[in-house]
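In what follows, a structure is listed as C-alpha cells, so that the remarks can point back to it.
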Amino acid sequence: MTTSQRTAAILVAAGRGLRAGAGGPKQYRTIGGRTVIHRALAAFAEHPEVAVVQPVVNPDDIDVFNAAVAGLRHEAPARGGATRQASVLAGLEALVPHKPEIVLIHDAARPFVTPAVISRAIIAANKTGAAIPVAPVTDTIKEVGASGDITATPERAKLRIAQTPQTFRFDTILEAHRRAAREGLTEFTDDAAIAEWAGLTVATFEGDVANMKLTTPEDFVREEARLAASLGDIRTGTGYDVHAFGEGDHVWLCGLRVPHTKGFLAHSDGDVGLHALVDAILGALADGDIGSHFPPSDMKWKGASSDQFLKYAIERVAARGGRVANLEVTMICERPKIGPLRDQMRARIAEISGVDISRIAVKATTSERLGFTGREEGIAATASATIRLPWGA
C-alpha cells in the first residue's frame, strides 16, 4: 500500500467564525479572489500523497460549501458538531470506512498551508505517530494575573505557536477522541491536547509563519495586502469577436438574453461580449484563444452557453495563483441598444466571473453606419483584461 493510499485529511469548517466580521462564517469569505475554504481544501485535494479529503461543515452551510469548493476533490461533507472537538470526531467517524493509517486534521481558517508543510506532516506521522507543525515565538510573552499585573515571563526559547495540520495515526487519535467524548470532556482546544491527555507523546515539526489562522477583520486586511503585493506580474490581454445575424428573436450579449429582431449565426450561443472577454483573459495568460480551448469542430459546444467559457478562463487565472484586476468589453452595433442594459450586463459578468462589479466595464459604440455593423449585419465586440499573477506563475 502506498503512502497516498494510507493518508487522509480532515478539513474542519463547521465553525461560525463571526469575529472576522462580514456577517457570515469566515471560511466562506473571499481573500485574494478565492474563498478561504477553497484555498484550504485545494491544498489537500491537489496534494499527491493525500488520498481522501473529508470536509466537516455546519449543516446550514452545505449549499454555500458546495458552491465555494466546486470542482475540487473531496468526500461528502460530514455534519459538524457544537464544538470543534465534536466536529473533528464526526470527521474521524466518516473516515472509518476508508481505513486510513494516517490522518491530517486541518482548520479551514488556515488557507495558506503549503504542500511542503503537508508533506512534512505526513513524514512526521509515519515517523512518530503524533505530531504538529509549530512556528517560533518572536514576541516576549507575559503571564498576567486577574489584577492585570504580570506574574511571570515564560522562557521564549521553550515556546512555540501550534498550527495545523496536526497529524496522527488514525486509530490512536480516533480512540482518543471517542474516549474523551465518552467521559464528557469537551473543552480541548486542539487535537494535540486530546492526544496528550490520552497519554500519547506528540512531536513537533517545522511549520510556516505564513500558515496563520484568519480570525479578525484585521487578519483579512493584512493578508489581502500581502497577497496583492505578491502578485507583481501584471499582464494585459485583448480580445475580439464578431457574429453575423441570422433568423431569431433574441441575441445573447454579456450573459443576457436580449430580445431582438434577429438571432446570431454561431456554433455556441454567439455571445460576442463574453467571447471577447474570454480571449482577452486567455491572451493575458498567454494560453491560446477561445477556439483552441473550445473548438467549433467539437459538437460538445454546439449551442453551449458562453458563461461556462468565461468561468473556465477565470479558473485558469486562479489555477496559477492569480486574480483578475479589470475586465472591459466594448460592443459595436447599431441595435440592440446597449446603454439601457449596461448595468445589467456588468452585474451578469460579475455573477459569472466572481470579479467585483467595480472592476467590470461595459461600453458601446457604433461604426457610424459604416461596414457590416453599420449595415446591421452583425455585432462585434472588443475586450481587454488585466490580471495579476505571482512572478514565475
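In case you wondered, yes, glycine gets a Cβ from its N, Cα and C as well.
Database features (Swiss-Prot):
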- 1-234: region '2-C-methyl-D-erythritol 4-phosphate cytidylyltransferase' (REGION)
- ARG19: site 'Transition state stabilizer' (SITE)
- LYS26: site 'Transition state stabilizer' (SITE)
- 235-393: region '2-C-methyl-D-erythritol 2,4-cyclodiphosphate synthase' (REGION)
- ASP241, HIS243, HIS275: divalent metal cation binding site (BINDING)
- ASP241, VAL242, HIS243, HIS267, SER268, ASP289, ILE290, GLY291, THR365, THR366, SER367, GLU368, PHE372, ARG375: 4-CDP-2-C-methyl-D-erythritol 2-phosphate binding site (BINDING)
- HIS267: site 'Transition state stabilizer' (SITE)
- THR366: site 'Transition state stabilizer' (SITE)
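Locations of recorded Swiss-Prot features on the structure.
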residue: ASP241; record: divalent metal cation binding site; Cβ contacts under 8 Å, 6 or more apart: VAL272, GLY273, HIS275, ALA276, ASP279, ILE290, ALA380, ALA381
residue: HIS243; record: divalent metal cation binding site; Cβ contacts under 8 Å, 6 or more apart: PHE264, LEU265, ALA266, GLY270, VAL272, GLY378, ILE379
residue: HIS267; record: site 'Transition state stabilizer'; Cβ contacts under 8 Å, 6 or more apart: PRO296, TRP301, LYS302, GLY303
residue: SER268; record: 4-CDP-2-C-methyl-D-erythritol 2-phosphate binding site; Cβ contacts under 8 Å, 6 or more apart: PHE294, TRP301, LYS302, GLY303, ALA304, SER305, SER306, PHE309
residue: THR365; record: 4-CDP-2-C-methyl-D-erythritol 2-phosphate binding site; Cβ contacts under 8 Å, 6 or more apart: THR330, MET331, ILE332
residue: THR366; record: site 'Transition state stabilizer'; Cβ contacts under 8 Å, 6 or more apart: ILE332, CYS333, GLU334, THR373, GLY374
residue: SER367; record: 4-CDP-2-C-methyl-D-erythritol 2-phosphate binding site; Cβ contacts under 8 Å, 6 or more apart: ILE332, THR373, GLY374
Distance in Å spanning the most remote Cα pair of ASP241, VAL242, HIS243, HIS267, SER268, ASP289, ILE290, GLY291, THR365, THR366, SER367, GLU368, PHE372, ARG375, given for 4-CDP-2-C-methyl-D-erythritol 2-phosphate: 30
Additional residues surrounding divalent metal cation, by Cβ distance to the ASP241, HIS243, HIS275 centre under 8 Å: VAL242, ALA266, GLY270, ASP271, VAL272, GLY273, LEU274, ALA276, ALA380, ALA381
Those residues of the chain, 6+ apart, with a Cβ under 8 Å from that of PHE372 (4-CDP-2-C-methyl-D-erythritol 2-phosphate binding site): VAL242, ALA244, GLY378
Overall pLDDT for the region '2-C-methyl-D-erythritol 4-phosphate cytidylyltransferase' (1-234), taken as the rounded mean: 93
Secondary-structure category, per DSSP, in which THR365 (4-CDP-2-C-methyl-D-erythritol 2-phosphate binding site) falls: strand
Number of Cβ atoms other than its own within 10 Å, given for LYS26 (site 'Transition state stabilizer'): 28
